[in-house]
Amino acid sequence: MALGNPSSWPCLINGCVAATTANGSAVLWNTWGHHSHLTSSLLAVAFLTSFGSSMLYGYNLAVVNSPAGYIKDFYNRTVVSRNGTGLNEEALTLMYSLTVSVFAIGGLIGSLMVGTLVTRFGRKGTVVNSSVLVFLAGSLMGFSRICGSPEMVIFGRFITGIHSGISLSVVPMYLGEIAPKNLRGFLGLMPSIFICAGVFSAQVLGLHELLGKEEHWPLFLSLVVVPTFIQLMLLPWFPESPRYLLIEKHNVHATITALKWYRAKCNIQAEIEEMQEEQRSLSSVETVSVWQLLLDHTVRWQVLSVVVINIGMQLSGIDAIWFYTNNIFENAGIPAPEIQYTTVGTGAIEIVAGLIGCFTIERLGRRPLIIGGFGVMGMCCAGITLSLILQTHVPFMKYVSVGCVVGIIAGFCIGPAGVPFLITAELFKQSHRPAAYTVGGSLNWMSNFTIGFIFPFLQMSAGSYCYLVFCSICLSVAIYVYFVIPETKNKTFVEISQMFATKEAVEESQALTHPDQLKLKKMNGYGSLEN
């Protein structure tokens, strides 16, 4: 559906200087120049969605670390009161491992639901409606000790996993769609900063002086409801994604109202035209399923790119580094009581690195951040192996290993932590985006679960050489991005699709000798090339 007669626009777009040309097209003059400015509405939505949804993912990753001993004691005491005998060490470890890893299983299930949810409820609607899961999970974990039920802790962790699986994909999708092209990178990386802030807040609150005491662990686990409550009070007042409203719901009036909320002055004509162009190219294509996405040869390079960067993000060894940070610090001679403060320090480094990425992405672009991030991580993984081998002979090598841990964490947070979710939004147009997020998100969670399961065995068999596996993965992803993924900074979704269409056409037809004489045609909903 088109936008109708442009002469009706001025009455809808209040406060704009508008005129109608001879051919009936509306012209709007924008005193703000070519680039859209960051408005308070955009910033508020980015903050609310990141604070109330994305931050919980980081918080839940780290929250079970400091009260681990207390949770095990609770499990053991409960089993003693029920059966008269306690659990042996293996069974207790298994129950605790299930408590930690069930979060990733929930995340995988949540990520598989994303495509259906965002098509049915919209982007903002999915964020708002999924918040009920957080209140359910928070209640289960908060009252688990009073009810004497370990099952409530495990099931609560599972439900928080489902919520994180949904929000890890939906929040970047929503922000990517409401952001103007020159701010898409900045807003797209905000969720990753809040994920880092979630990890950091769990580390700080887990200190013995705050909520790190035995009597506080149920409260510590259930604090997730506070950010979500704030989000639920405020986010429903903001509009849905304009792209979703126009392209999928065909609601012109709501689209213009939403754009007026999110743009300075009346900076919207060019965007409406760009959305219309995308809508026309998708007129024969409904929202595709995951299976249709995988079979669609016109987007094979985009799909492969999403697969590589999402698997690479988790197999880069960042989870293994988090798991063994304390051991590495212990080997460096840091006294055991002070290690918890050192770990909080690494959390602060995460936030600083995330902020650097967020504020430089629109200047440097996506490629330098992701290639540089994976490159730094690869070199630091090799550095950890070298330092662990040599530290028995060369005393200062133990400090090199600490430096490499900091390097891996900083490298990850500058680019690989957030850019994969942003690029997933940018590489696809409206019809393919939900399915692409389902693929990327589910692979991300599966890789997360796999690395958590395999790493202890890998370390036992390969020792300090296991970090060379992560080194090779990081460098391989950096090389792939360098040669395959184009720079998407400041480009519309249609322009990005056309860049990949060019790549496809050049591969399929080497006989094209005059690229400058090529013109675009519509093919299966995506730009393709002909002579």
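Keep in mind that glycine also has a Cβ here, set from the backbone N, Cα and C atoms.
Residues or ranges marked as transmembrane segment in TrEMBL: 12-29 (among others).
Annotation source TrEMBL lists transmembrane segment at 41-59 (among others). Within the same chain, residues 127, 130-131, 134, 160, 163-164, 167-168, 170-171, 174-175, 178-179, 183, 187, 190-202, 223-224, 227-228, 230-232, 234-235, 238, 261-262 sit at least 6 positions outside the transmembrane segment (41-59) and bring their C-beta atoms closer than 8 Å to a C-beta of that stretch.
Model confidence over the domain 'Major facilitator superfamily (MFS) profile' (46-489) is summarised by a mean pLDDT of 86. Look at TrEMBL and you will find 46-489 tagged as domain 'Major facilitator superfamily (MFS) profile'.
The annotation transmembrane segment is assigned in TrEMBL to 94-115 (among others).
The annotation transmembrane segment is assigned in TrEMBL to 127-146 (among others).
TrEMBL lists 186-205 (among others) with the feature transmembrane segment. Sequence-distant contacts of the transmembrane segment (186-205), counting only residues of its own chain at least 6 positions beyond either end whose CB sits under 8 Å from a CB of the stretch, comprise 38, 42, 46-47, 49-51, 53-63, 65-66, 168, 171-172, 175-176, 178-179, 211-212, 220, 223, 340, 343-344, 347-348, 350-351, 353-355, 357-359, 361-362, 413, 417-419, 421-422, 425.
Here TrEMBL flags 217-238 (among others) as transmembrane segment.
For the transmembrane segment (303-324), same-chain residues at least 6 beyond its ends with a Cβ under 8 Å from one of its own Cβ atoms are 61, 293-294, 296, 370, 374, 377, 381, 405, 408-409, 412, 416-417, 419-420, 423-424, 427, 436, 439-441, 443-444, 447-448, 450-452, 455, 459, 466-467, 469-470, 473-474, 476-477, 480-481, 484-485. Taken from TrEMBL, the feature transmembrane segment covers 303-324 (among others).
What TrEMBL records for 339-361 (among others) is transmembrane segment.
For the transmembrane segment (368-390), the residues of the chain that approach it from at least six positions outside its boundaries are 309, 312, 316-318, 328, 357, 360-361, 397-398, 400-401, 403-405, 407-408, 410-412, 414-417, 419-420, 423, 464-465, 467-468, 470-475, 477-478, 481-482, 485, judged by C-beta separation under 8 angstroms. Sequence annotations record features per position, and here TrEMBL assigns transmembrane segment to 368-390 (among others).
Sequence annotations record features per position, and here TrEMBL assigns transmembrane segment to 396-423 (among others).
Feature annotation from TrEMBL assigns transmembrane segment to 435-458 (among others).
Feature annotation from TrEMBL assigns transmembrane segment to 464-485 (among others).
Between the transmembrane segment (339-361) and the transmembrane segment (217-238), fewer than three CB pairs separated by 6 or more residues in sequence fall under 8 Å, so the two stretches do not touch. With a threshold of 8 Å between CB atoms, the same-chain residues lying at least 6 positions outside the transmembrane segment (94-115) that come near it are 60-61, 64, 68, 71-72, 75, 87, 126, 150, 153-154, 157-170, 287, 289-290, 434-435, 437-438, 441-442, 444-446, 448-449, 452-453. Within the chain, the transmembrane segment (435-458) has long-range Cβ neighbours (under 8 A, six or more residues past its boundaries) at 100-101, 104-105, 107-108, 110-112, 114-115, 118, 165, 168-170, 173, 287-290, 292-294, 302-303, 306-307, 309-311, 313-315, 317, 319-320, 323, 420-421, 424-425, 427-428, 466, 469.
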